Amino acid sequence: MARLYATLALITQLICIVPTSAVIVDSLSALPKTKYDFVIVGGGNAGAVVANRLTENPRWNVLIIEAGPTQVSFRAKHEDVFTARVPGYVARLQQSPYDWNYTTIPQPGMNGRPIAIPRGHILGGTSSINGMFYTRCSSSDYDRWAKLTGDQGWSWNKILPYILKHEKWTAPADGHSDVGQYDPQYHGTGGNTFVSIAGAPQAIDIPMMKAAEELGGVFSYRQDMNSGNALGLGLTQLTVGHGERSSSATGYLGPKYITRKNLHVLVGHRAIQVLKTATHKGAPSLRTVKFVAEDDPKGLVHEITASKELILSAGVIATPQLLLLSGIGDPKELQSLGIKTVVNLPSVGKNMTDQPLVFLQWALGINGTVDATPQLDQEWLAEWNATKTGPLSAIGINQLGWLRIPDNSPIWSEYEDPSSGKNTAHIELSFTGGAFYPKPGSTITGVAIALQPHSRGSLNLSTTNPFDHPFIDMGFLNSDFDIFTMREGIAALKRFFDAPAWNEYKLKLVSPYPDDVEGQNEFIRNTASSAVHAVGTAGMSAKTASFGVVDPELKLKKAHGLRIVDASVMPYVPAGHTQAPVYAIAERAGDLIKADWPTA
């Protein structure tokens, strides 16, 4: 790293002057020259939360360094990105300037295909481009974290107050009564993140709920999938408020907070290396970070030192990449790239865990269906612009199903159950009718996700250039258990759409899904993709454990001054979408940090 930038580096130390005003800027020269107590790398799902909570103390100055986009309309205001505001435009954010556009290396379990891994390249991180699903997963998921780390603070009962703290439950966009559609005792109303029941009806909503009633059993209606037990079929909860996406940027860095004089945000700059600031009690103190402008990777190299802590919140891919570039990882792997080992932590980049998904499509065999057209899209957009209602106020998925593989399945004679407990789903099902209402669309799509895979992957550096994407290996479908889980999910979708409630639609499966197991396996390997819920690359473990990257307080092991707060610290992937668990982790992290730096 030092050789790579030796001819380019111009080190700029930011020194102490009284802070003047809160700023969001894309130029280092525009920042007040201020000494920062905390520097946060990444203004995403977690980083924005931590910055908000730390700047509640007016004595602490906090800087966020966010890569973000540089050569697009976005400069200082997250609100400038229109597609990030409109829930129904979620697909337009991927493979755009607001996406890191990562791909995996060819995946053997997916017949050698590289798989796209969307990640948010914008203030708010992936909370600004994701599907907005709000799923806390099961209570057992958190209890397993607590058991592994030896810290009961990660248990469901202890983490639930942080979940409630960040949430601001609100009415659906269409104003319908949500009484009976969720359980108020499990929801907060005074937090930063809007959460609501999907507020745009679909024609398939009625047969969906009728089918659940007809089939019962594993498809029985669950009033609130965020109660700690999601099993069954329930109504989708989204991070949407008043018809707009609610991200960590809008919720934690919005106008109410960005006016704080001690909160500064530098966008359009990428962290490239963590440096040893000093040595303390025989271990390195890592409170200094080097960074460059995102649109000028060979330009000036700057560095800044936090007086208290450097916090990495760059995400499951960028956080371990930055650690490895900084000499924090497996010494043998670092040596192969000519990187000097600073901290010997072989677990960095290991234990990568993501959830594979597969789509199936059914066609309606009736007349009078509708399809998407440019004119219809304009009508929907006009409605959203006028009232923040209509199909674009949601994402077209109004119900989710959560299932376990039966206890008497023969698979359990070959594999241990990878889930955290009996209230933890192995499979997620989702259903979309294309957001059409009152007439149905011509097709219905069902999605099956393997929530608790046995497969594990890893992240490794491809080069020592921080602007080169790392080698990302999710290990998708390397285990036959995961293929079995996918087949079980597809079988559940087929059973659901065989319910009498769907008879009037005359559904026909049009995806070429074979009848034989070998053919089914090939279909899955050829068509599956990522649910984009990767975790684990900087996993937490007990303080005395020989594995792991951070301790239960999220401090980097064998070092001082550096903490990690993002999805990479999760030691196991929770059984659902990871946005809500990251918010909970970040909220608790805020209190953990405050406890280490008491002020009068």
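Even glycines carry a Cβ here, placed using N, Cα and C.
The signal peptide annotation in TrEMBL covers 1-22.
TrEMBL lists Thr126 with the feature FAD binding site. Cβ neighbours within 10 Å of Thr126 (FAD binding site), excluding its own Cβ and spanning all shown chains: 27.
Across the domain 'Glucose-methanol-choline oxidoreductase C-terminal' (453-586), DSSP helix (H, G, I), strand (E, B) and coil residues number 46 helix, 21 strand, 67 coil. The domain 'Glucose-methanol-choline oxidoreductase C-terminal' annotation in TrEMBL covers 453-586.
In sequence order, Asp354, Gln355, Val573, Gly576, His577, Thr578 make up the list of same-chain residues 6 or more apart from His533 (active site, proton donor) whose Cβ falls under 8 Å from its Cβ. Per TrEMBL, the feature active site, proton donor maps to His533.
The active site, proton acceptor annotation in TrEMBL covers His577.
Within 10 Å of the Cβ of His577 (active site, proton acceptor) there are 24 other Cβ atoms, across all protein chains.
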